[in-house]
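Below: one structure, written as structure tokens.
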Amino acid sequence: MSINLTVDIYIYLLSNARSVCGKQRSKQLYFLFSPKHYWRISHISLQRGFHTNIIRCKWTKSEAHSCSKHCYSPSNHGLHIGILKLSTSAPKGLTKVNICMSRIKSTLNSVSKAVFGNQNEMISRLAQFKPSSQILRKVSDSGWLKQKNIKQAIKSLKKYSDKSAEKSPFPEEKSHIIDKEEDIGKRSLFHYTSSITTKFGDSFYFLSNHINSYFKRKEKMSQQKENEHFRDKSELEDKKVEEGKLRSPDPGILAYKPGSESVHTVDKPTSPSAIPDVLQVSTKQSIANFLSRPTEGVQALVGGYIGGLVPKLKYDSKSQSEEQEEPAKTDQAVSKDRNAEEKKRLSLQREKIIARVSIDNRTRALVQALRRTTDPKLCITRVEELTFHLLEFPEGKGVAVKERIIPYLLRLRQIKDETLQAAVREILALIGYVDPVKGRGIRILSIDGGGTRGVVALQTLRKLVELTQKPVHQLFDYICGVSTGAILAFMLGLFHMPLDECEELYRKLGSDVFSQNVIVGTVKMSWSHAFYDSQTWENILKDRMGSALMIETARNPTCPKVAAVSTIVNRGITPKAFVFRNYGHFPGINSHYLGGCQYKMWQAIRASSAAPGYFAEYALGNDLHQDGGLLLNNPSALAMHECKCLWPDVPLECIVSLGTGRYESDVRNTVTYTSLKTKLSNVINSATDTEEVHIMLDGLLPPDTYFRFNPVMCENIPLDESRNEKLDQLQLEGLKYIERNEQKMKKVAKILSQEKTTLQKINDWIKLKTDMYEGLPFFSKL
């Protein structure tokens with residue numbers, strides 16, 4: 001449909017008009033870069049028109065701001081648009097309109113042919129508008145018209161303002177002014193076409209500048225256009241569906257359609273590159289201000305107007321979705337964790353089952369291979385293989401016992417081959433089989449810890465050996481020691497060293513280990529919490545004891561059961577005692593104390609003697625060992641428990657507990673308080689106390705069963721004393737104590753010298769044959 005527009009003075013294509021708001025009789029019309037205009041609808045003539053009233057303006061020197069009642073312009077002149085007639089069939093002034101339109105058409109055709117080649121392509125690039133509301137919204141100044149063109153247009157408007165007010169007809173019905181808001185990234189080449197004046201010289205100058213600037217920034221804006229194309233297209237389509245109106249085919253002009261009361265216009269944002277003087281927009285204005293504001297990207301637009309809203313909206317929506325998804329995610333995470341734990345548990349259980357089955361099968365195979373062997377040399381090899389297997393996997397001992405390995409080993413021990421007998425004794429001790437005790441009952445030797453004060457215990461043992469005329473390892477069935485007592489137990493029980501040699505070695509160890517410069521020791525104390533060199537002590541132990549395992553000492557038939565006690569400090573909250581044994585417990589018998597027989601002898605001594613402050617703690621496997629005296633400085637009770645595990649049906653005959661001397665001061669502290677040093681000293685003394693265990697055992701055991709030898713010293717001698725005169729003083733005080741308790745020593749020697757009765761010997765023989773042939777000897781081969 002063609003529209004005839006009667007133009008009085010000029011045609012002004014409105015581009016960035018934001019709103020036209022007013023009342024029924026006196027309405028206000030707001031245009032870009034224009035002051036406030038009052039207009040009213042005339043009911044005198046059939047051709048309805050609007051007439052301007054007195055121009056009222058408020059000026060500002062900087063940017064333009066528009067609000068509900070005012071409009072500011074950087075110019076000093078008013079801008080007035082007079083439209084005489086908007087009709088499709090008005091005959092008045094038709095000739096004049098045709099002349100003006102022909103000129104406009106020819107000009108646009110020439111420009112479009114010069115740039116694009118045809119008019120249709122130019123029209124497709126013109127800014128399009130979309131009807132959104134019934135009020136034309138106000139926009140801020142965008143700087144799309146040069147100052148020179150604005151002044152010329154204002155002069156022309158003032159000149160013909162009166163004429164346009166008298167001649168301009170307008171339809172009687174109320175017009176609904178509609179606004180279109182488009183994104184800044186959708187600008188086309190001729191989006192300023194709606195603002196071209198009728199002075200074609202100026203228009204051509206304006207268009208040429210705009211075209212040049214457009215192609216200069218085309219590369220810069222191409223990426224932005226591609227990114228925003230799809231979003232703007234979807235927004236335009238959504239608005240079309242909501243409002244139910246078609247897009248106007250002629251953007252940039254005011255058109256009146258028959259049967260419609262809407263006047264459509266375009267709200268096209270200006271180009272930032274075309275106009276250099278772009279004015280800032282107030283942050284309090286509507287969203288259209290920011291959509292029309294030139295910007296180089298979406299981030300600037302969002303940061304300028306809705307920068308505070310978008311993060312909040314995004315956060316709110318995200319938080320709502322997270323709140324909804326949080327329980328599900330939590331349940332899923334919990335279920336996943338449970339499933340993972342269950343899978344891990346089942347996997348570990350399956351691995352344990354497979355490992356246990358494989359261990360049992362391996363044990364059975366070794367036992368059967370040993371039973372099929374007849375060659376003595378090959379038997380030694382088979383026995384050693386089974387021994388190594390049981391050392392690595394102690395849980396296989398039960399399977400070996402079920403396969404009746406003990407009777408076969410006892411029969412092998414009858415063969416006159418020392419190497420084979422030694423190998424058999426070792427594996428029997430590892431399985432937990434024990435020979436009968438030496439005397440009428442179990443004889444236990446327990447030695448306390450105390451450093452170099454162990455020479456006092458040596459004096460007591462010297463007296464016992466003198467009275468019994470037997471070495472120490474033949475007098476006792478079980479020897480247990482802590483710290484320095486463990487050293488004596490190993491030297492006497494495992495290495496069978498004479499007492500004189502032990503005393504000499506004791507003095508040498510004291511001079512080699514406990515000779516340390518005070519300054520160097522203090523530095524080491526602050527660094528490793530050890531005053532003395534622990535590495536030197538380890539090297540001495542390796543040289544003296546070698547690399548033999550504890551269980552290998554069971555090869556000697558005269559070797560008693562020996563144990564060294566240490567303290568594990570990294571298992572749980574409370575420290576725990578650990579027993580280094582040269583034997584194993586029978587399957588099904590569990591000791592109250594941790595321990596093992598697969599360790600080396602020097603490792604046992606090193607762990608048991610790691611006194612805090614003197615030597616560094618010793619890491620062995622996954623355990624951290626310290627001095628056993630921290631828990632059990634008197635290991636008599638532990639020795640009794642271990643013996644009951646080895647010989648459950650044999651009574652106790654004698655327990656000899658040797659101390660390293662004690663010092664009792666007559667000085668009494670004040671009644672009111674004690675010093676911090678005294679408090680700490682009391683804690684240490686209570687931890688290393690030996691007399692409380694003595695009092696308990698002395699009251700519980702039968703008479704003439706428990707004997708304690710611990711002399712009282714006249715001087716408090718430290719455990720790291722290495723001076724010979726002090727060691728001689730300790731030795732002398734030990735001898736004096738023995739002289740005062742000579743009757744007690746004779747009683748102990750008498751008990752230790754008793755032999756087994758004939759009935760006990762017969763019982764031992766019957767038990768041996770029963771174990772050897774799996775039945776009574778009367779029904780077996782003797």
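Including glycine, each Cβ sits where the backbone N, Cα and C put it.
Swiss-Prot lists motif 'GXSXG' at one of the ranges 481-485, 556-560, 756-760, namely 481-485. DSSP assigns ASN361 (N-linked glycosylation site) to a helix in the three-state reduction. DSSP assigns SER483 (active site, nucleophile) to coil in the three-state reduction, placing it in neither a helix nor a strand. Summarising model confidence by region, the domain 'PNPLA' (445-640) averages a pLDDT of 87. Taking the recorded positions ASN361, SER483 in turn, the residue surrounded by the fewest other Cβ atoms inside 10 Å of its Cβ turns out to be ASN361. Cα separation, SER483 (active site, nucleophile) to ASN361 (N-linked glycosylation site), rounded: 41 Å.
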